[in-house]
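Working notes, beginning with the structure itself.
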Amino acid sequence: MNWTESDEKQLQDLKEKLSSAPVLSLPDLKKEFDLFVNTEEGIAYGVLTQEWRGYRKPVAFLSKLLDPVARGWPACLQAVAAAAILIEEAQKLTLQGKIKIHTPHDLKTILSQRAQKWLTDSRILKYEIILINTDNLELTTSKSLNPAQFLSGEPTEEIEHRCLELIDMQTKVREDLEDTPLPYGRVLFTDGSSRVVEGKRTSGYSVIEGEKMEVLEKGKLPSNWPAQCCEIYALERGLDLLKDDRGTIYTDSRYAFGIVHTFGKIWEGRGYLNSKGKDLIHTELIKSVLKSLQKPVEIAVVHIKGHQKGNMPEIRGNQLADKTAREAALEPGEPVKILKLEKIPRKEKEEIEQVFSEKEQKAIEELGLHQGEHGVWLTADRRKFLNKALARKILTEIHNLTHWGTQGLCDHFLRENLCIGVHKLAKAVTQGCIICQKIKQKVMRKTEPGGRELALRPFQNVQIDFTEMPPVQGYKHLLVIIDHLTHWVEAFPTKREQQK
């Protein structure tokens, strides 16, 4: 046996490692746990420890990527989501043992006073159940050094801060901006309209003087503007009319309200990029409204629920603004302003190669499609049959311009195109939109008064129902199917209500 210096060194290293304490210790379920929480660049970091002879020994190092919606929040609100996620992970090790949460953020105050602007009711309820209503959990705001801050490298933020002030500083475009009416100054109501009338889309806006209930300004807007653009432009004109003055502006647009009060400042700091690093849809219009927000001496932008009934001044003013905007959209003449909306270039669409899967090729044969110009497969009613890659591109373009929901996207897409699994594709596009997930804006086309919207082709929409009849040879029920467009009726006697 040849014992070398290298072997001796390895033996000494082995003895040292065996005699020294390991990096992580085994959890003792009889003792209390301490969980240190921190966030950095949209990632939740945590260190789970237990006290041992006057020291805190680490039991586990935790890290979780926050969801896209939470990554767009201010740092203090991200800490709320991070704490909730890491508690669920830590409980897998503690087995419902007592946990003490250490974080430099005041989580209880944030949940009670600032969460309503950013979080949906379901999220708030979820976080309150995890963080506040759990018996074996204790929240503490710690000013001492947080070990979780070093899991991502050197800490980039100060430990001591006031969460409410920091959130306001990160989200308010101007410090004195209020979301409740001012007790003095002028009162304005703004609204925008974009709807389809006799097959043509019309858009307009209006600004109403609240004291005299008269129209200050109204105008026709480009027909390709969605409702959100019209409402943002209306708010911008209201802010311009309050230049060097004091006043309150009411709007029923949650999107426009959110731009000036919450994510507008964050977008400005990011260079008008979303959380995925892509350009915003209406960048120039957002820049204009944020610039106009600096013109009044004192300003409050207040959100009011739309389409209410009553005689209160706020409701009457909003009703008049909505009516005037609809009328302005129908006025003849040129629009007051032209905004170039960003669209997917036509070349980018053409470059997508139409490669069909086996399932799609089988559908082409079963549907009896024929090839038109440029090798495009067409249905009998001249609709294009597209593969999923191209269909997703088109659905994304439509949603970026309109922010319609899943059903609205499908209805608009199926007017000229056809694709297998279009509903799943549309649902994925809407769920991946950061703006829609933040404010839950549903820009869906409304059903015409008087019932369901008529179908565009036979058997697009069918009505199915069961009715009972006197028993005859075991048949007790009647299944009735009616086509919405042709009113063709099919009836089948059945023995059970669940008959297929």
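Count begins at 1; order follows the chain as displayed.
Cβ coordinates are placed from backbone N, Cα and C, and glycine is handled just like the others.
Listed in TrEMBL for this protein:
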DOMAIN    182-330  domain 'RNase H type-1'
DOMAIN    454-500  domain 'Integrase catalytic'
Within the predicted model, mean pLDDT of the domain 'RNase H type-1' (182-330): 89
Counts of helix, strand and coil residues, the domain 'Integrase catalytic' (454-500), according to DSSP: 0 helix, 26 strand, 21 coil
Helix, strand and coil counts within the domain 'RNase H type-1' (182-330) (DSSP): 58 helix, 44 strand, 47 coil
